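Engineer: Okay, these came from TrEMBL:
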- Cys122, Asp124, His181, Cys184: Zn(2+) binding site (BINDING)
Amino acid sequence: MAVPAPFSLSSDPFASKSATSTILGPAVLKIGNFEQTHFGLFTALRRNQGFTLKASMGPAGFTEKLNNNRLKTLADAEDGCDIFNDLKDRFLSFKKNKYMKNIEQFENLAKVQTPKFMVIACADSRVCPSNVLGFQPGEAFMIRNVANLVPTFESGPSETNAALEFAVNSLLVENILVIGHSCCGGIRALMGMQDDDVERSSFIKSWVIVGKNARKKAKAAASNFSFDEQCKHCEKESINHSLLNLLTYPWIEEKVANGELSIHGGYYDFTDCSFEKWTLDYRGTKLEENGSIATKNKIFWC
C-alpha cells in the first residue's frame, strides 16, 4: 500500500510544482461563461412567453401591469446573474492562481486525502476556519454546526459524530480542534432557554440543548454578570464541554490515552481579531459525570 506524502503546514503550502495543464481549457471556459451568465435570463424570458397572449383578455391596465411584472422579473434575473458572476470570477481566480499553478498537488488530492486535523466549527458565516486559520485543501477534515457542539457518544447518530468516526478511524487524523467564537447566536439561544423549557419547539433549541451542562456552569460562574458576559463565558465553557464529550467515544479516548490523538480547543474573537488555543490534558482531566477538564499548552494570538 502506498504511503501518502507527509503533511506540512509550511508558510507557503501552495508552492508551485507545475504550471502547465490542458485540463478544462479555454474553450470549455468560454462555453461555461456563456451558459452560466445567461441561463437565468433565458429562464425568466421563457416563463413570461404566455403573458402577451393573455393580456388582451384582461381589464383596462392589465397589459401595463403584466409588462411591469415582466420587467421586474427580468431585473431579478439580472441581479441573480450579478451575484453568481461574482462567484464565477472568484472561482476562475482560484483556478488560475492556485489550481493551475499547483496542478500536481491537486492531482494527488484527487487520489487521496491525509489531513492532520479534524475541525469542528460553528456554521456562522463570519468564522470560516479556512479563512481565519488558513487551512488549505487537504489539510483539515471539517464539519460545521450551530454553536460548534459535540454531542456525547450516548446521544446516538448525528452528522457530527459521523464525521468524527470517519476522520478518526478512516483518515487517522492526529488532532481534533473544536473552535468557538465571539457573538455566537447558538450559544445565546442556549443561554436564553429557561430551566423548565422541556418542550423545545424548534430545531435550534433541540440541538443547542447538547450544551446544557456548559450553560449550567456558565450561569453559576457568571451569575453576577450581564447576560452578554454570561454568553461570552458560555462560548468558552461549551468548547471545554465538547472536549469532554469527545472522550465519551471509546475509539477517541483510546487514541488519546495512547498518545495517538490530541484534542484541542480554540476561541476566535472577531471583535478584536484574537485567537486562543489550548490542548486537553488527558491525565489531569476527570471523566466522570460533570467532570472537570485540565488543559495545557495555552497560547494567545493577537
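Every residue gets a Cβ built from N, Cα and C, even glycine.
Show me how these features fit into the shown structure, please.
Structural biologist: Around Asp124 (Zn(2+) binding site), the same-chain residues at least 6 positions away in sequence with a Cβ under 8 Å from its Cβ are His181, Cys184, Gly185, Gly186.
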Engineer: Can you tell me how many other Cβ atoms are located within 10 Å of the Cβ belonging to His181 (Zn(2+) binding site)?
Structural biologist: 24
Engineer: Which residues does Cys122 (Zn(2+) binding site) neighbour through Cβ under 8 Å, counting only same-chain ones at least six apart?
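Structural biologist: Those within reach of Cys122 (Zn(2+) binding site), by Cβ under 8 Å and sequence separation of 6 or more, are Arg144, Asn145, Val146, Ala147, Asn148, Ile179, Gly180, His181, Cys184, Gly186.
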